[in-house]
C-alpha cells in the first residue's frame, strides 16, 4: 500500500514539474534568423625583409560577411608560378634514377602535375611534371604564425530574429546599445555580456583554446547565440546569450597522431606578366568561425494549458482504476479491501399473507 502511495506521489510530482517548471501552459515557436558579420583590424608581416600590411580584404574568406567565415592567421606563399615543366619535390615517392622510374601520363594523387616520363635533376633526381612551376613546398609551417596580430582583430556580429507565431522581432542590438556604446565596448561575459563586438583573442580563450597554437595550424570555433525568451514578460527582456565552443584545433599529443591537424585551404591570385599568365599561390592556415543561432520563444496559450490539465485529470482517473484492480484482485488481503470498499446487504424474502387468514379480513359476525 505504501509503495502504491509512493507511485501516485511520483506521478503527481512529475505532472506538476511538466506544468510549472517545463511551462506546459505555454506554446512555443522557433525563430527565423539572419546573421551579418564584419571584421576590423590590420595585420603586419616582415618575411625575408619584405614588409606587407594585411587588411580585412586580404585575411577574411569569404569577404561578404557570412555566418561562417575564415580569418587567416598563417600562410605559405609560392610566388611567380607559371604553367610549364619542372621537377617534383625531393620526396622519396618522387625520387628516380632513370626515365623508366617515371611513368609517362601518370598523375599522382598527392602530386603536383602530369608526369612527362623524364627523370631530371643534378644531385637529387625527381620525376618531371607538367604543372604550375615551381611546385609548392609546404613542409615547413612558419612558427610562430606570421599573423599573430590577428589576436587583436575585432569581430562585429549583427543578428536579427523573428518569431512568426507571435509577430515578435528582435535584434542583438538591444535597448541601450547605440552607436556611442558600440564605439567603445568590447564583449566581456561579466561586464559587457551584450556587446556585439568581440576580440579574436578573447573568443579563442573563451572557447578553451590557445591562440598561438591554433594560429599556427588553424582550427574551428563555434559561436552560439541563444535566444530563449518568455514572451509573457515584456519583449525588452528577450535578449541574446553568447557561448563559445572549440570545435577543433589546439593539437595535443593525441591530435598530432591524426592524419590531418588544424584547418587550411589554398587559393591563388592570377595575373599577366609579359603576356604570360602567372599566379601567386597561398596555403592559408586560419580560424574558421561558425555562428549558430539557437532560439525558442514561449507564451501563455489556453490550448496547451487545458491539454495539460486534462491529461493530469486523466492520469489520476486511470490511476484510480489501476489501484482498484490491484487491491481487489492481486494483494493478499484483497478480501479485507473488498469488504471495506463494498457494503454487502442481504435481502430477506417474506412469504405473502393469506388474505383469508389475515386479521385484516376477520369477519365480524
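Every residue number used here counts from 1 along the chain in the order it is shown.
Including glycine, each Cβ sits where the backbone N, Cα and C put it.
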Between 284-307, 308-331, I'd like to know which one TrEMBL lists as transmembrane segment. 308-331
Residue pair residue 133 (disulfide bond), residue 96 (disulfide bond) - Cα distance, angstrom, rounded: 19
Taking Cα atoms as reference points, which of the recorded positions 127, 152, 154, 185, 195 is nearest to residue 119 (disulfide bond)? 127
Looking only at Cβ atoms, how many others are within 10 Å of the one on residue 229 (disulfide bond)? 24
Expressed in Å to no decimal places, the gap between the Cα atoms of residue 195 (disulfide bond) and residue 39 (ATP binding site) is 15
Specify the nearest of the recorded positions 39, 185, 264 to residue 102 (disulfide bond), where nearness means the distance between Cα atoms. 264
Please report the Cα separation of residue 96 (disulfide bond) and residue 40 (ATP binding site) in Å, rounded to an integer. 50
Those residues of the chain, 6+ apart, with a Cβ under 8 Å from that of residue 38 (ATP binding site): 56, 65, 155, 156, 158
